[in-house]
Amino acid sequence: MTRTLDRPGAEVPTPAGQDPPQRRRRRDRTALIPYFLILPALSLLAVVLLWPIVQMVWMSLTDYGLRQLRGEPAEWNNFAHYVSILTDDRFWTIFRNTIVVCLLMVAITMVLGTLVGILMNRLPTWLSTTVGIALMLAWATPVISAAIVHRWLFDARYGLVNATLARLPDWLVGSGWESFNWFNSPGPLFSVLILTVVWQSFPFVAVSVLAGLKSIPGELYEAARVDGAGAWRSFWNVTFPMLRPLFALLLILQIIWDFRIFTQLNILAGGFTNRDVFLLPYYSYQLGFYSTPPNYGLGSAIAVVMTVLVLAITAYYLRVMIRQGETR
Amino acid sequence: MRHRLLKKAGRVGDYLAAAAIMLFALFPVYWVLTTALKPNGEIFTRDPTLFPRELTLEHYKRVLSGVLIPETSFWSFLTNSLLVTLGSVAIAAVFSLLAAVAVARFRFRLRTAFIVLLLVIQMVPIEALIISIFVNFHHLGTATSLPLTGSLLGVLVVYTTVALPITILMMRSFVAAVPRELEEAAAIDGATRWTVFWRILMPLVAPGLVATSIFAFITAWNEFVVAFTFLQSNTTSFTLPISLKYYFGRVTVEWGSIMAASTLLTIPVMVFFLFVQRRMVSGLTMGAVKG
């Protein structure tokens, strides 16, 4: 391993043609070692993720259905899927809902997580640790369990939420909660969905912000206080600028994660029958696996739209990471 | 004087806020645990009790004895989950260690391209790729007569691959943290590459390897979409997360049993989480992006 060259000039260059043939062969083999080392990982990535990306684009441009799954050749269809998506009101409704729901999840998660991080930083250690453990339990709950317990809390007949709302005075919460169904229409369902997702994702933001806050020197806050800055100003003038890279990263991560929501929606919506409450990943999935006949082509077209959106959102972040030397 | 009073009020406010946050974070967890322990009479009622009046292990018994899904049992779901999870973690650990050594210790022509590929590919949501992965595996399975769809094998392969970008990037930072001088010194003493690898590098990156593996374990253990897509045709191949979905799909939802099963699914994650919680934050914010 010492022969590998991280530092330029670490190896004395041998004049060409003077290498004994045996040594040269050995060095050639050495040059291949890293390729052998990445080969297993690279071949899996190529077969399982890279090729499907190519295939997804191809399928989105053809009438890919059950016949093609059985081996019949797929035929180019002149962007028919894209045309039908772009002219379909349902697609645009789902598209808009996806953006709105995702933005709400991200915004609430970021604000709540940051506030909790700041709070934890002010608390005495024992209490901050206790809060940390509580957060960890929410964070570590499997997504499917989180979805199911929220489905149960909001159950129409036996759910705790409806029972509580029904017991509260009508002037406060209105009436008619006894059998209110949260899972039929977009508004209530998306509210529960946002709650479920935020519940699980704010702990990560809180813990990350807490770690970030601990790295800011206290003198900066002292200086701000001397200058007469209150909590609000010292957040915007000290904390935020110091943690800007962290916030940017957390924001990107939350957008990516919340954009892909599937499991929670599957549990809350209880299947694929109610198209009013679909989000993009869910719509794509339904077209591929739950429509008769399966429409892999159209499902793929929506998947392509999703992928392009995600990559567009992350492009900036990727560029920063690559420039900052993640690749070095 | 006034200042001190304000400070005191601020502290009380902090404590109240902390209590509210804990309540918010813990309540659903508490509701899972208590529902699992309540008898059905207390579960199916229009005014639920905050504290169970009577505790029962009935739901756990029903789940563990496989009354809910005929012909199978919790134990077979557990075995399936362990198989795919541990299998994919083991393969991902070996593959990513190799690749991490390549990236951290060698300069080679495709190195940057490889890292950029890892960074980009982990951004692509698996939910977008699931249709084409399924179709791809269907064709591959037909060509090779391997049971890639409808069996645990395909799920294992997908879990392994999906874990790779993040595990390689995490492992890379652990390998890079080992001082090169140690390896150089050993090489000067006449150690072969293999000896250097096993005797010097391995012991030093072992903790990192464990942390990375736990990370991959949690992800695979909780995974739903891929298992749901590949395995739903036969109940004997179910993993734990999709078995929960199955309990759920019944005409009358057995909330108590679902909550009991949910607890059993959660316990291993909680235990592992304790070990890697801190690394989880640094791992996730390091540039390793997939959750």
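In case you wondered, yes, glycine gets a Cβ from its N, Cα and C as well.
If you look up TrEMBL, you'll see A:95-317 marked as domain 'ABC transmembrane type-1'.
Summarising the annotation, TrEMBL assigns region 'Disordered' to A:1-25.
TrEMBL lists A:32-54 (among others) with the feature transmembrane segment.
Taken from TrEMBL, the feature transmembrane segment covers A:94-119 (among others).
Counting residues 6+ beyond its ends, the transmembrane segment (A:131-153) has Cβ neighbours under 8 Å at 116, 119-120, 123, 159-161, 183, 192, 195-196, 199-204, 206-207, 210, 263-264, 266-268 in the same chain. Per TrEMBL, transmembrane segment is recorded for A:131-153 (among others).
Per TrEMBL, the feature transmembrane segment maps to A:189-213 (among others).
Look at TrEMBL and you will find A:234-257 (among others) tagged as transmembrane segment.
Residues annotated as transmembrane segment in TrEMBL: A:296-318 (among others).
Residues 307 of the same chain, all 6+ positions outside the transmembrane segment (A:32-54), place their C-beta atoms under 8 angstroms from a C-beta of that stretch. Sequence-distant residue pairs (6 or more apart) of the transmembrane segment (A:94-119) and the transmembrane segment (A:296-318) include fewer than 3 whose Cβ atoms are under 8 Å, leaving the two stretches without contact.
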